[in-house]
Structures are given as structure tokens and as C-alpha cells.
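I have placed the structure first, in the form of C-alpha cells, so that the comments after it can refer back to it.
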Amino acid sequence: MDHIRNFSIIAHIDHGKSTLADRIIQVCGGLADREMEAQVLDSMDIERERGITIKAQTAALSYRARDGKVYNLNLIDTPGHVDFSYEVSRSLSACEGALLVVDASQGVEAQTVANCYTAIELGVEVVPVLNKIDLPAANPENAIEEIEDVIGIDATDATRCSAKTGLGVEDVLESLIAKVPPPKGDPAAPLQALIIDSWFDNYVGVVMLVRIVNGTLRPKDKIKMMATGAQYPVEHVGVFTPKSRNLDSLSAGQVGFIIAGIKELTAAKVGDTVTHAAKAAAEPLPGFKEVKPQVFAGLYPVEANQYDALRESLEKLKLNDASLQYEPEVSQALGFGFRCGFLGLLHMEIVQERLEREFDMDLITTAPTVVYEVVQSDGSTIMVENPAKMPEPGRIAEVREPIVTVNLYMPQDYVGSVITLCEQKRGSQINMQYHGRQVQLTYEIPMAEIVLDFFDRLKSVSRGYASMDYEFKEYRSSDVVKVDMLINGDKVDALSIIVHRSQSQYRGREVAAKMREIIPRQMYDVAIQAAIGAHIVARENIKALRKNVLAKCYGGDITRKKKLLEKQKEGKKRMKQVGSVEIPQEAFLAILRVEDK
């Protein structure tokens with residue numbers, strides 16, 4: 001066991017995490033040269049394109065060190081984005097060490113810091129590495145200073161490397177072996193294995209990626225999940241050297257996979273503990289929690305007959321993404337669809353993109369909303385994740401909205417504009433620190449404000465230099481109201497929005513004005529109204545198109561013309577009673593694009 005090292009790599013998007021992983025795999029001979037491709041561990045196309053890692057992957061590598069011994073290195077690749085922070089904490093708790101990769105030309109960024117703190121809290125040894133030192137813009141001294149300043153770990157002897165050219169990668173491995181402690185654990189104790197990740201394979205069912213903490217696991221053993229109590233017979237165990245390789249047993253300290261013929265991904269929850277059914281461990285490993293969705297949106301097929309196809313696609317996606325939740329929903333305006341829950345905005349975008357890409361779906365997405373806690377006047381509390389389910393204003397005692405703590409990092413030139421943005425978003429400043437040229441701002445902002453367009457606006461006010469991460473803090477009482485949109489007196493449920501009272505009139509007016517531009521003119525007048533309860537706050541009219549019925553009258557008597565105009569008026573009136581207004585897809589997106597003033 002002294003020759004095992006379990007480690008993961010922490011880095012901000014585009015600081016070269018996946019490239020470094022590729023180089024390490026190459027140096028250790030995990031894949032033949034012809035199988036080497038860029039970003040080996042990012043298996044989804046969308047992961048490669050966006051340059052992000054979504055699912056955790058592992059590689060068990062053997063490396064002959066300079067002291068002549070052969071070490072088994074288990075690389076656990078972690079997602080770097082804040083939406084997947086729970087997956088990150090599970091991957092990190094399976095390691096004893098983490099390589100902190102910092103781009104020598106850019107310095108420390110927000111998500112690196114968030115994940116690095118997670119690592120330090122879990123007691124993981126952090127080994128700093130400066131990447132991209134082959135760039136002319138690289139400034140290693142500055143980067144070292146930032147690491148010590150912002151994260152507070154000693155980085156004077158940080159290893160320097162360039163993952164692109166392969167320079168210094170062996171030094172990284174050497175310092176890893178020297179600094180990271182070997183795993184502790186007893187192969188003879190009752191089995192405890194932490195599920196780092198799980199995914200669905202069409203041939204063998206669910207594959208669980210585990211770190212064995214104590215005990216030994218062999219095929220044909222009966223295992224039990226400690227969160228659910230379900231039992232399964234083990235079919236195969238083994239390791240990935242990115243390619244899977246079956247072994248006779250996995251014992252304490254190793255990272256590998258278990259295949260046990262599990263059909264449902266929900267049975268193998270990330271962070272759960274696996275133990276033997278017969279000789280069970282006394283207690284599960286700490287840190288398991290159910291992941292709760294933070295952001296909700298309605299997904300509807302553009303063609304009504306695609307509903308079943310959408311359901312199947314969501315079922316298939318759920319096989320590989322246990323944190324995705326969905327339930328059927330009916331909207332008067334959009335027909336049948338699903339209310340889906342996501343971990344955050346990036347997660348939502350990825351799910352939509354995968355549905356459109358891998359399953360060829362055409363989707364309409366409603367505005368994303370967050371979950372409100374509503375205390376009704378009879379004292380009961382309900383959770384509302386859909387504006388349509390918000391009770392009438394008279395039945396509400398108070399509404400609490402989720403507040404998140406946001407950490408922002410940016411160069412000091414942009415502090416002013418970022419603070420202005422946070423104030424607009426009803427944020428309250430908690431802290432502000434200077435680290436050299438970088439500034440760290442901490443704000444508490446309502447989640448609803450972040451969901452809308454906070455990230456995009458943050459990037460635009462800071463010219464792309466600011467980075468952020470957020471975590472849920474608490475529910476707090478707030479004066480929020482539901483704004484309904486009425487078209488010719490009929491409520492359109494999919495256009496309802498929940499906003500703070502201070503912005504409700506403004507948002508109502510804006511949405512009404514947007515709708516007026518988007519809805520095509522009809523044969524009769526269309527009234528668009530925004531209402532809070534029974535109180536109308538805004539109205540826009542779309543004038544009717546009319547045919548010139550007098551074109552055929554030359555001269556003649558006025559009564560003749562009057563008769564024709566009256567007849568036209570009657571017709572329009574009748575039309576208005578039976579007609580329904582088609583609402584184009586853009587109208588639903590219009591809500592998203594309303595800027596806060």
C-alpha cells in the first residue's frame with residue numbers, strides 16, 4: 001500500500017487540467033501513442049467543445065520513479081465547475097492529494113479557490129503546479145505570490161511545467177510522490193467503499209467508480225448500499241487505465257469500478273458507501289448528501305407529438321445524470337412538457353444542449369426559476385418551483401427566497417462596475433479583500449437574480465476577467481410577487497414570472513412591450529396586460545389589421561359606406577370572441593432578455 005498514490009487535479013476552466021492529465025497518462029504509458037487523443041478523459045463531445053469536465057473519470061497508472069520503485073498512481077479527474085461542486089467534493093474525498101494547477105500567465109481564479117478550499121477542508125494534501133510556463137506571458141513569481149496570498153499554502157517550491165510541450169511533467173509526478181501520503185486503510189476490515197461516480201452502460205448496467213477505504217472486494221461477493229439498503233451480487237471489479245481492465249479483487253487504498261447488474265442509476269448514488277451484505281460495516285463514510293436541484297425550468301417539445309420522445313430522452317439522460325430531476329407538466333400555452341430541476345445554470349445549458357444534440361429534440365424552454373418557500377395564511381409551508389403554482393396573494397403569509405453567497409474575483413480596475421452590478425441585483429456586500437492586483441468580493445445575492453443573466457452580465461462589465469462561484473446559504477423572507485401576463489384577458493401561464501415587488505411594475509411593462517413587438521398583428525385588437533393579483537400594472541395594445549372595405553365604393557351615398565364599415569366591425573367583434581392568439585416561441589425567450597434597470 002505504500003506505493004499507491006491517489007490524487008486529483010484542481011484547476012480553473014482552461015488552465016490546462018485535461019492536457020496535464022493527458023501528459024501524465026502518456027508518461028506512465030497508460031495508452032499506446034496511437035490511442036492518445038486530446039483530452040482523453042473528457043468522453044462527451046460537449047465536454048471537449050466547451051473545454052470543461054462534467055463527469056469524473058479515473059486512470060490507474062504505474063510509474064517508475066527516479067528512486068527505482070514502481071508506484072501505482074490513481075488519477076481521479078474532477079469536474080471544475082461550481083454547479084458540480086458536490087461531485088468535486090466526492091472525488092476529492094477519495095484522494096490523499098491534489099495537484100493545484102495554476103496558469104502561470106493568469107494566476108488564481110475563483111473556481112480554483114472554491115475547489116481548493118474544499119480540498120483543504122477534506123484534509124487533502126495540495127501540491128501547487130504552475131502550468132503554461134512556455135508562454136511568453138507567463139509570470140511564475142506573480143502566480144506563486146497569488147497562490148500564497150489567496151489560498152494560503154506554501155508555493156515557493158511549486159513545480160513548473162508545460163503540459164502542452166510535456167516539459168517538467170516528470171517533475172510533477174516526482175513531487176506528487178514525495179508530498180502526497182499513501183492511503184491508510186485495512187484490507188481485512190469490513191468493506192467500506194465510497195462511490196465517486198456512477199454511469200449507465202448499455203451492456204452491463206450501472207458502472208460504479210469507487211475508492212476502497214477499508215476491506216477487500218471480489219467478484220461474486222454480495223454488496224449492500226448503505227443509503228438505500230439494496231443488495232446486489234458483484235459481477236466484475238477492475239480499474240481503468242483509461243481503458244477498463246478486470247481484476248480478481250480490489251482492496252483498501254485502490255480506486256476502481258464495480259459492475260453489479262444494477263439497472264437504476266438512482267440505486268448507486270454518488271457519495272454513498274458500499275459494504276458487504278453479510279459482514280456489513282458499522283457505519284457509512286461521512287459526507288453523503290442528497291443533491292437538491294436549485295434551478296427549475298419547463299422544457300416543452302415544439303411539436304406536440306414529440307412528447308413521448310422527449311420523455312424517453314430525459315429518461316436516458318437521467319441514466320447518466322442522477323442529479324437531473326423532472327416531472328410531467330401541462331401548460332395551457334405550450335401543451336404537455338416537463339418541469340426539470342438542475343444543479344445550476346451550466347447544468348441546465350448542458351442538459352438542453354445534450355437533448356438537442358444527442359436526441360435531436362426541438363425544445364421550448366421557459367424562464368428558469370428558483371424554489372420559493374411560501375408560508376400560507378393557514379400556517380402550512382409549501383415549496384413553489386413553478387410560478388403557476390404560486391397561491392393567490394390573499395392566501396400568502398410570507399414568501400422566503402433562496403439567498404446565495406457569491407465569491408467574485410477580478411482585477412481591481414473592474415471593482416466599481418462589478419459592485420454596481422451586484423447592487424442592481426439586490427446584493428448586500430459581506431467582504432472585500434485585496435490580493436495584489438486581484439480583488440475578492442463576497443456578496444449575498446438572491447438566487448433568482450443570479451439565475452436570470454448574472455453570469456453573462458458579470459463577464460460583460462468586467463470584459464471577461466471576473467470569475468465567480470456561489471453556494472446556497474439560506475432562505476430569507478422577501479417581498480416577491482407573481483406577475484401574470486394576460487392576452488385578451490386570458491392568463492398565459494408560461495409567461496408568469498416571480499419578481500421582487502420593487503421591480504414588478506418595471507418588469508411587467510418591459511415584458512408587455514416586448515410581447516407587443518413579437519406577437520404578430522391579428523384581424524382584431526389584442527390587449528396585452530401585466531397583472532399582480534387583480535391589479536393591472538401595464539397594458540399594451542396591438543392594433544388590428546383591417547381590409548379597406550370601402551375600396552370598391554366610388555362616390556355614392558355615405559350610408560352605403562357606413563353599412564360596410566358596420567358590417568366589418570361586427571365581424572371583428574365576432575372574431576375576437578372565438579379567436580385565439582398564437583404566441584410565437586420568441587415571446588417566451590423575451591422574458592429572459594428583459595434587462596433590469
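Quick reminder: no glycine exception, Cβ is built from N, Cα and C everywhere.
Here Swiss-Prot flags ASP14, HIS15, GLY16, LYS17, SER18, THR19, ASN131, LYS132, ILE133, ASP134 as GTP binding site, drawing on sequence analysis.
Along the domain 'tr-type G' (2-184), the predicted structure has mean pLDDT 72. Per Swiss-Prot, the feature domain 'tr-type G' maps to 2-184.
Burial estimate for the binding-site residues (SER18, ASN131): highest at ASN131, by number of other CB atoms within 10 Å.
Look at ASN131 (GTP binding site): DSSP puts it in a strand.
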